[in-house]
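Colleague: Annotation comment: TrEMBL describes B:6-24, B:36-52, B:72-90, B:102-121, B:158-180, B:196-220 as transmembrane segment.
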Amino acid sequence: MKRFVYILVIISLLFSAGFAEEAENNNELDFTPKGKLEIKDKGNDDGTGVNVFFRPQNKPEEVKYYLLRVYYKSVSEDNLAAQYRIENKDRRYKFNVSLQKRRKHPYPNSRKGVARVYVSNEKGEAVKAFLTESTNTSASWFNINKLSAFMGVLLFLLFVYIFIKQARRGVEFFIRKIPGLEELDNAVGRATELGKPIYYIPGIGTTSRIATLASLNILAPVTRKVAKFATPLKVPNRDPVVMSIAQDVVKEGYMAEGRPDLFNSNDVFFLTRQQFAFAGAVSGLFKREKPGAVFLLGKFYAESLIFAETANDVGAIQIAGTDSVSQIPFFIAACDYTLIGEELFAASGYLSGDPLIVGTMKAQDYLKAILIVLLFIGIILNIFDIDIITKYILQR
Amino acid sequence: MEAISTLFWPTVAVLLTLAIYTFLWEDNPIYKVAEHIFTGVSVGYMIAQSWHNIIMPKLIVPTTNYFSNGRYLLAIYFIIGGLIGLLYLSRFSEKTSWLSRYPIAITVGFYAGFKIVPIWMTNVSKQLNATIQYPNGDSMLNLKMFGKFFDNPTWGNFISAINGPIIVIGVLLVLIYFFFSFSNDNIVVRASRKPALVVLMLGFGGSFGYTFMARISLFIGRMNYIFSDWIEILTTTLGG
Amino acid sequence: MAEDKNEKKWYDYLLTIKKPLVYLGMFLVVIIPFLSRCKLKTYETDLVKKVFTRVEKIHEYNKEHPDSKRGILLGFDYGPSTTPENDPMLYAVLRHAFLRDIPVVAWAPYVAYLQLAEGRIKRIAKEYKAEYGKDYVFMGLAYPPTPYMISTGTDMRPMFNTDYYGNDVYKLPILDRFNNYDAFGLVVTISGTAMPEVWLRYANSLYNQDVAVATTAVNAAKFYAYAASGQFTGMIAGLKGAAEYEQMVTRLENKVIDEDIKEYLTGLYKNVDKDKYPEKYYEPEYTKSEINTAILRRRQAGRGMSSQFGAHVYVIILIIIGNVGYYFKRRDEKRRKTGKWGA
């Protein structure tokens, strides 16, 4: 029984509140407020966006200020999503509103938006409501505006898939030899002449970095060359997983040249995981052992110059290569030869024929060809003020 | 006592800064001490901060809150997430380390899937668009700009006239430089190699200069700390 | 070899200047402008001006729509290692926002940045009597950043649960409105990392949100491409960019506050209701040394610029010396080989 009384009290309170609001809004005005209000679902979103348009049809002398309120679901103070003061300047106003409960937990989002326009005063208070419009919104499964990005990504993935598959099946793709690739041989030869060891650093990245894999691919032919001359080769590592792969690669390289006796698993070693501690340890090794050639291939970060500068100091011939754009300038400044960015992958693909790398390289080349063509057409059309490509393909 | 809180720690910071800079003369024990303090402190600090800023507020507090609010479904989400995250710990044993692949697979899968379209838009389509036209819609190869320059030959007009063509030609050259399907004897590859290298080197030179500026700024920052902030603290604490 | 030593030419001296001497020279050129407290005015570049005008535009929009203001979402994306460059940028941007009453929502993506961020944001908020939870809020850790950026597309609150200080996100009035990209006129990412690229990918490419970047000089070359293409609304690069922005904000501040800063700060909390400013966020009063540092902070980048100038000139001279020495050495070697000169 008590419960019913409570409910009754609550209902009556709600009603009185509603009436109070109405009463407040029923102020007499000496003109009829007019205007055109539209509320539309924004589309291509999660169903929370609405666009609200309002065109006042009173002269500024009659109504100087309006107030636009946008509610989610229904008109109530709790559901207010946004409000805008509008000074009547006799033009069309547009607002993007996101329908959300302000205070409470936002799930579930509304599927209905209500816009209501009030005549307002200088303080921005609502004086009289005169227009209400509402719309249902819906969440989209697909954002049609991003169609061209979707197609582009799909095309690229298709290329990668097809070429890797073909490369794995044994199709041989042509990849041109990087002009500086002989430098690898020269460096090994130089170190042998001087009778000094060779250091090979496969970067400080993990195996998830494609640059590390590319570096390990280059390590194989370098080892074979080293095995021929019986020059000592050392590979310091920062990542234990990379180290174990590098050990296998070096071992196989010596075996392939028929010199398994030269392989000592302690020559491929782990130093430390700390970035700068690793840099310090390696440069210490350089100082003590004075290598004749240093290979810095793989992923490098801020420590790149520490390696390159120390090796330069001890007079080693240096071959560097990385895909970290911000480190390339340092390598160019301090090393004898630098593989710039993708050249590292191309060299790796050329030397190893690894289907993963060759396939990706090929896919990238096709994509680049398409982009170059697109660029050409776009530029030419753009000179004649035709913006099909930029507007419908690239800006999406 | 106040001097300890206001003056003591900044002074320690100054001394440690100077200790690190002694390395410029040569490697020495003072430098080593500072370096080891830094490494030790940063590891300890990170562990404590991770506990207070990740595990507590992002996992334990919301889970208990949702339970007490009766939002069991949300709480269960958190618990499932937490359990999957705990699988990372299986790495400590060789036998169970395969379990850690599940959380890795989930995060890598999510990021790869989510990243690929934004990366395409940010780095490919929008950049290509910017090679064709300026942000305001003018064409990069805008002949009007040249006309403007010949009407009024100032340095600024010259720069704005050649800016677009330089970008377009540079982009094309470098794209061809990194095109590996043609052989080295190909006339296009051979002819574009040198100019492409020039463009690349100009870019790297700019990057190098900027990096230099950054390194100097770091040094200036430390000097600023010593000669402005610390001196200020020193004089106000001792003087007042 | 012995012969070479006897024959040490002038260029050999140029090429073998001892490293500690080079460092000592650098120390001097940096320190002298500092101690002499010289002021250097810097010219203002377009990219920095773009950020400034964008913030001013938000201010104008807010004046027109006081009920549905736009805010700034601040990515505190830098750590202790790049504070010298990023700090002045943060100070300038925050001062600009608070000066113009633009609400600021900030977060930091890594644990190591948190305390740094909290201390710096509240320091600037205090200078402009910004109320926590109403004028600004520090959300705390947003790690890993990507999901937070994505969720801000609709509502960031469920991702956070609480702010840095442990307040419920649904109880902070500022977050009633400023919880998704629609409410933010600009994202400013102040960064020494690659984080601006992440912002660009998610906030800009996916949600068409304007993103301005304030970055260390190391990354500036990389971000130029995005700034030139209009993807970044503007860019504050390195100490130079920071000095420019600082200069613009100080000019604006002199116009808006129109009072000596020392007097302004001394009188700031004289006659205010101190309950509005809980001590948890900052103490609503100023000590003498705090005022002095606040004044020094106002031209931190500007002061650095004179040292920067000295250092750059110094290095240019070193590069020229090195290259001259190298050139003559090479020429002599060539001559020696061809037998035109020398032995």
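Note: Cβ is positioned from N, Cα and C throughout, glycine not excepted.
Predicted automatically and left uncurated, TrEMBL annotations should be read as such.
What's the neighbourhood like for these features in this structure?
Modeller: Within the chain, the transmembrane segment (B:6-24) has long-range Cβ neighbours (under 8 A, six or more residues past its boundaries) at 30-31, 33-35, 37-38, 222, 225-226, 229-230, 233-234, 237-238.
When Cβ-Cβ distances below 8 Å are used as the criterion, the transmembrane segment (B:36-52) is approached by residues 16 of the same chain, each at least six residues removed from its ends.
Listed by sequence, the residues of this chain that lie at least six past the ends of the transmembrane segment (B:158-180) yet keep a Cβ under 8 A from its Cβ atoms are 131, 134, 139-142, 145-146, 148-149, 188-189, 192-193, 195-197, 199-200.
Residues 170, 173-174, 176-177 of the same chain sit 6 or more residues outside the transmembrane segment (B:196-220) yet have a Cβ under 8 Å from a Cβ within it.
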